[in-house]
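**Q** Handing you this structure, nothing more for now.
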Amino acid sequence: MPQSEDDVDLDGVLQEIGQFGLFQMKQYGLMVLPIMFNALFTLSYIFTAGNLEYRCLIPECELATTDVYEPAWLNGSIAFHSDERCQRFPYHANDTLLHEECSSERFNTSALIACDRFVYKTDESTIVRDFNLTCAQNDWKLTMVGTVNNVGQFVALPIAGYLSDRFGRKWILLVSVAGSAVFGLLRSFATSYEMFIAMEFLDPVIGSTMYTTAFILALELVGPKMRVTGNNIISCAFSFGEALLGLLAMFFRDWRTLLRILYIPGFLVLPLLYTTAESVRWLLSKNRKDEAFKILKKAATVNGKSLSQVALAKFNSLDYKNSSVKSLEGPTYAQLVSEALSNPGLVLRVINCSFCWLTNTMVYFGLSLNSVSLSGNKYLNFILVSLIELPGFFLMQLILDRVGRKKTLFATLVSSGLFCIISVFIGGIDAPALKLTLFLLSKLSITMAFGTLYIYTVEMFPTNLRQSLLSTCSMFGRIGSMIAPQTPLLAKFWTPLPMILFGCLGITSGIAALKFPETLNNELPNTLEEAMNMEANDIPATADR
């Protein structure tokens, strides 16, 4: 019978060499880069495809090069009760007058004509300007950008998860960063909406696994007691990436320039990412024990520790050195998947986990997208809504290892749903501070839920299928982020509908999360049997029985 990773007791080895020493710190320092890139790349469409404030150009009264957005005669020329951006009153003088001679009395307010040219309020440039995506009939093209981005992730995540579990985390990470940088840079040179949308799709097709791969590469090298800390480092890096996106968008308001600023660093960091260590757990699951031993030995040296004689003996035994034979004896990936699918308990766990992912991504990205529509400076609002996630990570640090994963996920999902529903009932109240507070509390809660769900998903599934199943759950989560950009269209039927949808989904998935096993203080499962035996282990392993 082939040896498994459990024979090495990797969690025990990590405690010997240091659960979060200098070696792990260096690994995290490298993994922070693709995590931040993922934030920059995934949400860039909020600014590159953002709508702009504009009005009709009145050619009888102003030149096409005008930069005066609100002239004195404007109110009489535009029908503010209708779609004022794209319709105006006709001018009923026979001759074209100079700007100074225009007045509201010279417009025929009993008729409307469509505009074909526009004046923009600011010098900000998005694809709305370059590809003439103005007026209500083109709104769907702007919301479609975010949806297409997430469709690309939906298509690619299961494939990337398979490739990562088959060929290793490190190479998939390098390919995802490089490929995303290529298509992002090409997108900045788009000459049409069709070319832009194609590049927006291909970018996540290649780069969609960037976050999950970096997350696993980082988390699998830390000991059990440091997983929450490691998870929070990754989560904070993503939040800082979001805030950095808002800051860069504030200073680089041309979408082409912004994309180049965001994507060129992806090429520059490839040599650094090449130095990252491969996943020891993955190497052991593939019976490549010599390579795993070298990494652990290096980690021990860097951390100023040493491996015990017991661990050394296991690595140096003939059973572990005969890796080629073990590889042949071990089950294939297809056999592992077949075994997983034949286990009803695991299938139900994957379905439940996928539903929680769908809810988390829909609410999380929905709130991020809506942040730029809040009153005030949209860049500052986006930065603040990104940074509000940081207190959530600190709260996770305090409670996740005390009350467990299950209770934390339940409480945060239900809280986020309740805050969304409460915001519906105060919609008619003139209390902007209260509305902003509820908005931030919703984002804080869903951030805690998202961070908890990531670490929870890693801990629920076996090593040899961990990335594949994490990617599968994340893939279904992309359905939520695909729908999120379209939720404003629901408000046309009933204004509170998007928030009610977010609230109901949050509460429902919170209740569904109660079916998960508690994984607090348990070692990561290496086999399907170990993963399913966690089902009844709702008491922390360190507690008295």
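Heads up, residue numbers simply count up from 1 along the chain you see.
For all residues, glycine too, the Cβ spot is worked out from N, Cα and C.
From TrEMBL, for reference:
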- 102-521: domain 'Major facilitator superfamily (MFS) profile' (DOMAIN)
- 28-47: transmembrane segment (TRANSMEM)
- 171-189: transmembrane segment (TRANSMEM)
- 201-221: transmembrane segment (TRANSMEM)
- 233-252: transmembrane segment (TRANSMEM)
- 258-277: transmembrane segment (TRANSMEM)
- 346-367: transmembrane segment (TRANSMEM)
- 379-400: transmembrane segment (TRANSMEM)
- 409-429: transmembrane segment (TRANSMEM)
- 435-456: transmembrane segment (TRANSMEM)
**Q** Against the transmembrane segment (201-221), which of these stretches has the most C-beta pairs under 8 Å: 171-189, 233-252, 346-367, 435-456?
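**A** Comparing 171-189, 233-252, 346-367, 435-456 against the transmembrane segment (201-221), the winner is 171-189.
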**Q** So which of 28-47, 171-189, 233-252, 379-400, 435-456 is most in touch with the transmembrane segment (346-367), counting Cβ pairs under 8 Å?
**A** 435-456
**Q** Please work out whether the transmembrane segment (435-456) lies in contact with the transmembrane segment (171-189), by counting C-beta pairs under 8 angstroms that are 6 or more apart in sequence and asking whether there are at least 3.
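**A** When sequence-distant Cβ pairs are counted, the transmembrane segment (171-189) does not touch the transmembrane segment (435-456), since fewer than 3 lie under 8 Å.
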**Q** Which residues of the chain, 6 or more past the ends of the transmembrane segment (379-400), have a CB below 8 A from one of its CBs?
**A** 46, 228-229, 231-232, 235-236, 239-240, 242-243, 245-247, 249-250, 367-368, 371-372, 408, 439-440, 443-445, 447-448, 451-452, 455
**Q** Using a Cβ cut-off of under 8 Å, list the residues of the same chain at least 6 residues beyond the transmembrane segment (171-189) that approach it.
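**A** For the transmembrane segment (171-189), the nonlocal Cβ contacts are 34, 37, 41, 44, 160, 163-164, 196, 199-200, 202-204, 206-210, 213-214, 217, 255-257, 259-260, 262-264, 266-267, 269-270, 273-274, 276.
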**Q** Which bits of the chain, at least 6 residues beyond where the transmembrane segment (258-277) starts or stops, bring a Cβ under 8 A of a Cβ in it?
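**A** For the transmembrane segment (258-277), the nonlocal Cβ contacts are 23, 27, 30-31, 33-34, 37, 40-41, 44, 47-48, 170, 173-174, 177-178, 180-181, 184-185, 187-188, 217, 221, 245, 248-249, 252, 295, 298-299.
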**Q** Restricting to the domain 'Major facilitator superfamily (MFS) profile' (102-521), what is the model's mean pLDDT?
**A** 83
